[in-house]
């Protein structure tokens, strides 16, 4: 089996697993969740108890407490990619007389991405406190399905505004809670949702720009070497016309680090592009990730106190106001005064 076939199989496997996780993420009793639970029960019979405790503590510290580990990993990956891009791709493309704006585009996008990252990680996502809870309760209406009036957070001891949620990682209630992002080590809420969307878009554009310049460089190398129009001899001495698998293997043997980086950046662009599309969909429909997940698994939930037991619960997004107004709300969240005017 040749190199290209193995790479395509690996790429399809990773994309299939990612798609499966996305499809099953909002279902409380999905096949994936049941399979993971059963597998963990079987492993619990084999793995020593002490090792289970250590693993549980490590996972809890990694995913359920504020940690800079993913931030460090985020910076390390960017440094590795741009180090390789600068050390080899930029130098080779400069010698091949690529346009300077094309070569500098990834750096410009990186600067914008770093700025959005700092703003998003340092910003207050919209913490609900005893001093502002009374005013935040008036910002959004309660839909009576996902959000009930009069509920009090048992941890923060404040009335929960509509569209808010208590984050167990940050240990605070967040207004218009979307999710807790480990990559920026902060919650995404009403005050930094717009910056987070810009962060995702700039990160996807940065990865795409690096992939485009690197791919252009490798194609230029093939064109200059005339290997695309030639033939080669196999191990038995037979002559064959040059095909795509041979070209990929040739590039991998000639520029192994560049080809590996290109494969990683392409995969990253695809994954980030999919997540960006999902985030844009949520922004244009005025939904949060928390609301989207709750609405998907709502059909199997019991009746809430405010709903009659003989009538099925029907969820309807009451917060959508049209595409442009929804998008404007992401970057300029409404206040109590604005709602009173309406």
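Each residue, glycine too, has its Cβ placed from N, Cα and C.
From a predicted model like this one, the values you see are computed outputs, not experimental measurements.
Summarising the annotation, TrEMBL assigns domain 'Palmitoyltransferase DHHC' to 150-295. In the predicted model, the domain 'Palmitoyltransferase DHHC' (150-295) has a mean pLDDT of 84.
As annotated by TrEMBL, transmembrane segment applies to 6-24 (among others).
Residues or ranges marked as transmembrane segment in TrEMBL: 67-87 (among others). Distant neighbours of the transmembrane segment (67-87): 61, 106-107, 110, 117, 121, 182-185, 210, 213-214, 257-258, 261, 264-265; these residues of the same chain sit at least 6 beyond its ends, with a Cβ under 8 Å from one of its Cβ atoms.
Here TrEMBL flags 99-120 (among others) as transmembrane segment. A Cβ distance under 8 Å defines the sequence-distant neighbours of the transmembrane segment (99-120), meaning residues of its chain 6+ beyond its ends; these are 74, 78, 82, 85, 90, 93, 181, 184, 186, 188, 192, 195-196, 198-199, 202-203, 205-206, 209-210, 213, 216.
Taken from TrEMBL, the feature transmembrane segment applies to 196-223 (among others).
Under the heading transmembrane segment, TrEMBL lists 258-284 (among others).
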